[in-house]
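What follows is a short report on a single structure.
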Ligand code: SF4
């Protein structure tokens with residue numbers, strides 16, 4: 001298939017596909033799905049081998065958020081039944097992190113609900129980062145605290161944070177439909193602040209919110225322009241009690257196409273399957289490892305994932321290996337604040353007639369039976385899933 005050969009060649013050269021090529025990946029038929037996975041898998045293996053990086057979420061502060069992000073179970077006034085608690089103490093967070101690290105994770109993601117941290121919150125999280133780093137040699141720490149004010153990224157970097165996550169979530173054109181209390185530009189600004197402070201920028205998207213293929217391509221191209229190192233791809237968990245509770249738009253096949261498109265557009269970035277993995281990919285999760293080189297181990301912020309042991313077994317059974325702390329995730333040109341710049345130019349890669357048959361219409365099922373509110377780990381007295 002010309003399209004896939006072209007995309008593999010470009011991916012190996014870190015050359016940006018055209019928008020039409022990215023859209024064509026999303027429009028492939030189920031008959032072509034394994035070819036799409038195989039092609040994107042070549043790009044994944046070229047840059048990341050068969051390694052799978054495990055990340056572990058620690059929800060430092062859950063619920064009680066004043067923002068109105070319509071996909072979020074922690075949003076203002078949401079009646080989702082999630083755990084609600086205020087800041088974990090450094091030793092509580094470190095204990096939660098240690099469970100994930102013992103389970104095989106190499107990065108800990110410290111997340112707090114809210115619009116953004118106060119300077120006092122940054123002090124608090126800095127203490128937590130220092131505690132985790134002291135107690136766990138070689139651990140990578142990513143902070144995810146919302147919109148950053150001037151100087152806060154530098155302070156987190158000074159405390160030992162390696163990365164900062166702030167997702168763009170969707171295209172600029174549709175951002176105002178999902179959130180009213182802050183803007184897409186606010187989010188871009190925070191990603192830029194993190195990058196400028198020397199933090200590895202992590203920013204991704206949420207698929208399944210009713211967006212078009214064009215929206216998905218727009219947000220992934222925007223992440224390419226921001227040159228983020230990591231791209232978490234969330235598949236919407238339609239929580240009862242949120243405005244998007246009825247948005248069951250995804251099939252496992254659609255999720256694979258989205259991940260393949262992200263891999264072709266971000267060939268050398270850490271593509272991470274994030275929330276909604278078990279829910280939407282279901283039994284096709286192992287195929288997705290051929291596209292993404294990173295997943296979350298165990299539970300998510302407010303919902304349960306499959307058992308950490310099942311994650312490890314899936315990786316081994318699919319012929320992949322868990323990345324160790326001795327192995328460096330990113331290709332050499334991206335390390336140490338590398339430019340990660342793109343070879344070739346978009347203009348040089350003219351759009352070709354690469355249209356493939358449109359994806360066959362499928363009616364996704366509402367699998368509410370697979371959504372379980374997290375009741376263990378951080379913020380509880382129950383053992384964590386790791
Ligand atoms: S995504 Fe973050 S800012 Fe938005 S409602 Fe949820 S916790 Fe608040």
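Quick reminder: no glycine exception, Cβ is built from N, Cα and C everywhere.
Nobody curates TrEMBL annotations by hand; they come from automatic prediction.
The structure displayed is predicted, hence computed values, not measured ones.
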Of 44, 272, 277, residue recorded by TrEMBL at the [2Fe-2S] cluster site of 109, 142, 202: 272
Taking the recorded [2Fe-2S] cluster site as 109, 142, 202, 272, identify the other residues of that chain whose CB atom sits within 8 Å of the mean position of the site's CB atoms, giving them in sequence order. 55, 107, 144, 163, 165, 230, 232
Return only the integer: C-alpha distance in Å from residue 142 ([2Fe-2S] cluster binding site) to residue 65 ([4Fe-4S] cluster binding site). 20
Which binding-site residues from the list 69, 72, 109, 142, 202 come close to ligand 1, meaning a Cβ under 6 Å from one of its atoms? 69, 72
Taking 8 Å from the centroid of the Cβ atoms of 65, 69, 72 as the cut-off, which other residues in that chain fall inside it around the [4Fe-4S] cluster site? 67, 68, 71, 73, 74, 75, 76, 78, 113, 179
Cβ-Cβ neighbours of residue 72 ([4Fe-4S] cluster binding site) (radius 10 Å): 26
